[in-house]
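Visitor: My questions will all concern the structure given below.
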Amino acid sequence: MGRGKIEIKRIENANSRQVTFSKRRAGLLKKAQELAILCDAEVAVIIFSNTGKLFEFSSAGMKQTLSRYNKCLDSSEDAAEESKAEKQDFKELDVLKDEFAKLQKKQVRLLGKDLTGLSLKELQQLEQQLNEGLLSVKERKEQLLVEQLEQSRVQEQRAILENETLRRQVEELRCLFPQTDRAVPSYLEYYPVEKEKSLVNHGVTSPDLVSNFAFENGDSDITLHLGLPSDVYGKRKAPEREAHSNDSGSQLAL
């Protein structure tokens, strides 16, 4: 006659509960050992009694089995999180694609294209947007022009200040080195002998030199034609004038 089916519920009798725990614990550990041997599996069993006493079995060492379990648990959690993140990324990507399509369509309409499906109200809204955009562009343009004008004024003021500084420096230099009204004498005034020697060069007389010499002495034809008195250019001694004319005549005779 077979055993009757036992109802699975908490045993109220403490002694019966302790006896049942001992028998079933031993059977469970035996089955775990058999499973590990027969199937070449890594098996670990941890049991705590109602009094807090620990019973355990591990075919490969409890620490090694627990470390392997934690790694598998972490990897499974990471995989779950990665799959969840991928799903979220795909969802955000779909949202961004929809927004991009809407913005692209809006840009095309702002360019005046693809307006066939718009109603009168939508066209009025589009016109208002274009007017607002044009107003913003004009305001920005005016702002840039004002800024450029202000920069030009600043540069102009800077140039005026620099010119004023340079003018003051020039005036200071003029005060340090005053100009004289006296004319610088020429080379022939310092060396009158060289002027006489320049008229005669080894017996050869040049008509241009003679005319220049006559102009220097106030006897040029230009003075006579203009009708100016000879004393305007200064009076010279008659003997010196005669001596120069005699020397010129003798050279011409030669």
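Heads up, the Cβ atoms here are built off N, Cα and C, so glycines get one too.
All annotation found in TrEMBL is predicted automatically rather than curated by experts.
Take a look at what TrEMBL says about it:
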type	residues	note
DOMAIN	1-61	domain 'MADS-box'
DOMAIN	86-176	domain 'K-box'
COILED	120-176	coiled coil
Visitor: Per DSSP, what is the residue count of the domain 'K-box' (86-176) in each of helix, strand and coil?
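Guide: Taking the domain 'K-box' (86-176) as a whole: 82 helix, 0 strand, 9 coil.
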Visitor: Taking all residues of the domain 'K-box' (86-176) together, what is their mean pLDDT?
Guide: 88
Visitor: Please spell out the DSSP helix, strand and coil residue counts for the domain 'MADS-box' (1-61).
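Guide: Output for the domain 'MADS-box' (1-61) reads 26 helix, 10 strand, 25 coil.
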